[in-house]
Amino acid sequence: MAATLVSLALSILFISSSVNALSLNYYDKTCPHLESAVTDAVKNGIVNDKTVPAALLRMHFHDCFIRGCDASVLLESKGNQKAEKDGPPNISLHAFYVIDNAKKAVEELCPGVVSCADILALAARDAVALSGGPTWHVPKGRKDGRISKAGDTKQLPAPVFNISQLQQSFSQRGLNLDDLVALSGGHTLGFAHCSSFQNRIHDFNGSVDIDPSLKSTFAATLRSICPEHNKVRSAGTTLDSTTAAFDNAYYKLLLKGKSIFSSDEALLSTPKTKALVSKFASSQEEFDNAFVKSMIKMSSITGGQEIRLDCRRVR
């Protein structure tokens with residue numbers, strides 16, 4: 001399977017690099033030990049916090065969906081100019097220190113050479129691999145962006161989106177339905193706060209209180225965790241039953257009426273996306289291959305202009 005994933009990476013790179021000038025060997029001469037430095041930083045982060053892999057994967061996704069993968073999600077707010085990380089969908093992003101530590105280590109090896117955007121893309125890959133998922137060769141050569149606006153986070157696909165809204169959001173970034181279903185599998189890692197799925201378990205619509213697509217016993221469990229007037233900001237649930245392992249449990253639960261977000265359930269609303277969910281639920285290898293292909297495609301959306309020395313501040 002490893003050989004298959006490598007060949008997938010190479011074939012996709014051939015397509016994407018001609019447009020985005022990314023390359024597998026971009027730093028071979030200028031920073032040959034880059035990847036091991038990033039991996040060490042991610043490993044150290046995981047030792048202290050088991051939620052780091054999910055955080056890094058989500059961070060990279062949220063970065064790429066706004067102006068491309070340019071590390072704009074890492075920039076700090078300045079006074080009244082609120083940055084992406086302070087936009088409502090990103091308030092719960094964390095583990096920025098892992099990227100800071102990786103950047104510090106890389107700067108000691110090769111000052112002013114490697115972008116924060118490339119470090120984040122590599123860290124997201126490592127997050128998946130260190131959680132038992134597939135690994136792949138990451139095309140490199142991204143630049144860091146200078147613009148980061150909290151208001152732009154409205155562009156991120158929301159957990160309440162239906163399939164039409166999801167398809168539109170992904171297509172605007174050159175991603176198709178195959179990519180949508182594969183990348184949604186990233187929910188195999190992570191945690192959902194009550195606010196992101198309360199629409200399904202309280203006042204679902206004018207006639208029913210609970211989303212009928214949810215298995216009743218599962219809905220009852222969610223309601224016990226997230227009562228109607230929940231005041232506990234940290235309350236929520238894991239996104240699948242094996243939250244620290246990158247596997248296909250997410251798809252299996254989806255088919256059993258145990259999805260968390262409306263956007264997860266939406267994947268069952270068209271024949272094409274439902275067929276993909278079923279395929280990934282029945283084959284870890286099919287999911288791994290599709291996820292790698294779509295991750296390389298998404299992470300090849302570029303848009304930056306510089307190499308930051310500090311990932312939290314423009315030069």
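Each residue, glycine too, has its Cβ placed from N, Cα and C.
The cysteine that TrEMBL pairs with Cys311 in a disulfide, picked from Cys110, Cys116, Cys194, is Cys116. Between Cys194 and the candidates Cys110, Cys226, TrEMBL annotates a single disulfide bond, the one to Cys226.
Rounded to a whole value, the Cα-Cα separation of Glu84 (Ca(2+) 1 binding site) and Asp247 (Ca(2+) 2 binding site) is 29 Å. Listed in sequence order, the residues His187, Leu189, Thr238, Leu239, Ser241, Thr242, Ala244, Ala245, Phe246, Ala249, Tyr250 complete the 8 Å Cβ shell around the Ca(2+) 2 site centroid, once Thr188, Asp240, Thr243, Asp247 themselves are left out. Taking the C-alpha positions, the distance from Gly68 (Ca(2+) 1 binding site) to His187 (heme b binding site) comes to 21 Å.
When the alpha carbons of Asp247 (Ca(2+) 2 binding site) and Ser72 (Ca(2+) 1 binding site) are compared, the span between them is 29 angstrom.
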